[in-house]
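Okay, structure first, notes after.
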Amino acid sequence: MKLTCVLIVAVLFLTACQLIAADDSRDLQKFPRRKMRDGMLNTKNTKRQCLPPLHWCNMVDDECCHFCVLLACV
């Protein structure tokens, strides 16, 4: 009986921790590399130049505004 209560409390506590942490990191999960790069590059004097749609790109250092799919900006 005591073990069951301890397990229920532990599960509720861990669920609450997950919900609190999920609010803080909602947008960081999608594109962490791109957001980190944009944060370092976007200062007052620099602005990101986007490649036009259907322009060739690579997955490592893409400069597409949205996505690089099958080596082409979308």
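Each Cβ is built from the backbone N, Cα and C atoms, and glycine gets one as well.
Since we're looking at a predicted model, the values are computed, not measured.
Annotated features, as they stand in Swiss-Prot:
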{"type": "DISULFID", "residues": "C50-C65", "note": "disulfide bond"}
{"type": "DISULFID", "residues": "C57-C68", "note": "disulfide bond"}
{"type": "DISULFID", "residues": "C64-C73", "note": "disulfide bond"}
{"type": "MOD_RES", "residues": "Q49", "note": "pyrrolidone carboxylic acid"}
{"type": "SIGNAL", "residues": "1-22", "note": "signal peptide"}
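Swiss-Prot feature annotations superimposed on the structure.
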residue	record	DSSP (3 states)
Q49	pyrrolidone carboxylic acid	coil
C57	disulfide bond	coil
C64	disulfide bond	strand
C73	disulfide bond	strand
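Within 10 Å of C73 (disulfide bond), counting C-alpha to C-alpha distances, fall the following of the recorded positions Q49, C57, C65: C57, C65. Panel annotation: around the signal peptide (1-22), no residue of the same chain lying at least six beyond its termini places a Cβ under 8 Å from a Cβ of the stretch (none). Within the same chain, the residues at least 6 positions away from C65 (disulfide bond) whose Cβ sits under 8 Å from its Cβ are C50, L51, C73, listed in sequence order. Of all the disulfide-bonded residues in the list C57, C64, C68, the shortest Cα-Cα distance to the residue listed as 'pyrrolidone carboxylic acid' is found for C64. C57 (disulfide bond) has a Cβ environment of 19 other Cβ atoms inside 10 Å. Its Cβ taken as reference, the residue listed as 'pyrrolidone carboxylic acid' is surrounded by 7 other Cβ atoms within 10 Å in the chains shown.
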